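Q: Supplied in structure tokens, the structure appears directly below.
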Amino acid sequence: EVPREDGILALSRHTLGLALREHPALLVEFYAPWCGHCKALAPEYSKAAALLAEKSIPATLAKVDGPAEPELTEEFGVTSYPTLKFFHDGNRTHPEEYTGPREAEAITEWLRRRVGPSATLLKDEAGVQVLAGTQDVVVIGFFQDLQDKDAATFLALAQDALDMTFGLTDQPQLFQKFNLTKDTVVLLKKFDEGRADFPVDKELGLDPGDLSRFLVTHSMHLVTEFNSQTSSRIFAARILNHLLLFVNQSLAAHRELLADFREAAPPFRGQVLFVVVDVAGDNDHVLQYFGLKAEAAPTLRLVNIETTKKYAPTDEEPITAAAVTAFCHTVLNGQVKPYLLSQEVPSDWDQRPVKTLVSKNFEQVAFDETKNVFVKFYAPWCTHCKEMAPAWEALAEKYKEHEDIIIAELDATANELEGLPVHGFPTLKYFPAGPGRKVIEYKSTRDLETLSKFLDNGGE
């Protein structure tokens, strides 16, 4: 008899084989007693076991103490905790990795879609209405032959798209009702245009990547308000260009701009995600990322989340649908240069031994051919930066009489430089005197003696 704890089978190398024979749908969590993520998952996992029983879903949850069972962790290639693997029909050699959210409802739904159909079979219009009535977004696959490979592709995709509800039909009267003559995936939604169609190319076959992109794109609202609930969906949408309208939602004049913003959105669906940021809400981090103050609203910014390049309208004309459309086109067509964050140059930037650089004075100082310039790129919140500050001050003090040496620092969270990305803090870069834009990254220990030796050896 395999012991159970909270409805979960506690397995060892001696009992796994038995469990696989007795339970055709078995999800196994490999955990370590000391692992924080495992402790966080534990109550959700127990809740999922209860939900499976409550909903009569024929799937079983189990767990294995990884460090105590090294043979099993090696057999299944477990390299981190928790790792969840799903064993179907006793198949020990090809378990499926669980990649869904670590929450009870998601685990339960993921298993339900594997032990039963991942889409509801729809026989008539009443069935469609019942399904569509349950959710804001429902996806229905219309296939003339439910046994063909495109229908199988659709069902496989439905297994993993846990945030959507799926239906499936081959009924001619439903094809007719939806004005369809060939296989099509239809997304029904209770907002925006209400329906979006994805025709299946029978020659090429249904491409799961293309369908997945279509579903993500069309299940998003045309305009999304940025907040803690929507942010994960915004970044998961796989749409690289985000157009942000910063407004103060408490002001009527600002709220009136939303209609024009929305009017401009449809032609850009799938290419640009339209997002509204309320400067009166809890969004200071977004303002900071774009180098904006709340007083700047209403204003537009566009960011490519892959390149992180940011764009601003060249003229602050009123925000109309035409202005929004024109701004999107100029960015997408490469007709406007990205802007770089910069603080203003402090009046006393060169008064202390450590000089203060910002984007606006960086070029003329760092690439001065008569100077050897050593720059610390830091973040105000970074503890390593704070720890090395005394050594950096001492270095500047030591070389302050050397005309040709400048020791400087730049807050890289508020100042961006073209072609000089900073990926970690602190980053130290040395710009030697002479022609050519030479840059040497300092990789050694950050103490006065080693830093001095590096300077004395001309950056070696």
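Every residue, even glycine, has its Cβ placed from backbone N, Cα and C.
Keep in mind that TrEMBL annotations are predicted by a computer and have not been checked by a curator.
Features from TrEMBL:
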DISULFID  Cys35-Cys38  disulfide bond
DISULFID  Cys382-Cys385  disulfide bond
DOMAIN    1-116  domain 'Thioredoxin'
DOMAIN    315-460  domain 'Thioredoxin'
Q: Can you give me the Cα-Cα distance between Cys35 (disulfide bond) and Cys382 (disulfide bond) in Å, rounded to a whole number?
A: 26
Q: Could you give the number of helix, strand and coil residues in the domain 'Thioredoxin' (1-116) as assigned by DSSP?
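A: Output for the domain 'Thioredoxin' (1-116) reads 44 helix, 27 strand, 45 coil.
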Q: Roughly how many angstrom lie between the C-alpha atoms of Cys38 (disulfide bond) and Cys382 (disulfide bond)?
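A: The separation of the Cα atoms works out to 29 Å.
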Q: Within 10 Å of each Cβ, count the other Cβ atoms, then let me know which of the disulfide-bonded residues Cys35, Cys385 comes out lowest.
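A: Each of the disulfide-bonded residues Cys35, Cys385 was scored; lowest Cβ tally within 10 Å is Cys35.
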Q: Rank the disulfide-bonded residues Cys38, Cys382 by the number of other Cβ atoms within 10 Å of each Cβ and report the first-ranked residue.
A: Cys38
Q: When DSSP is mapped onto helix/strand/coil, what comes out for Cys385 (disulfide bond)?
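A: Helix, per DSSP.
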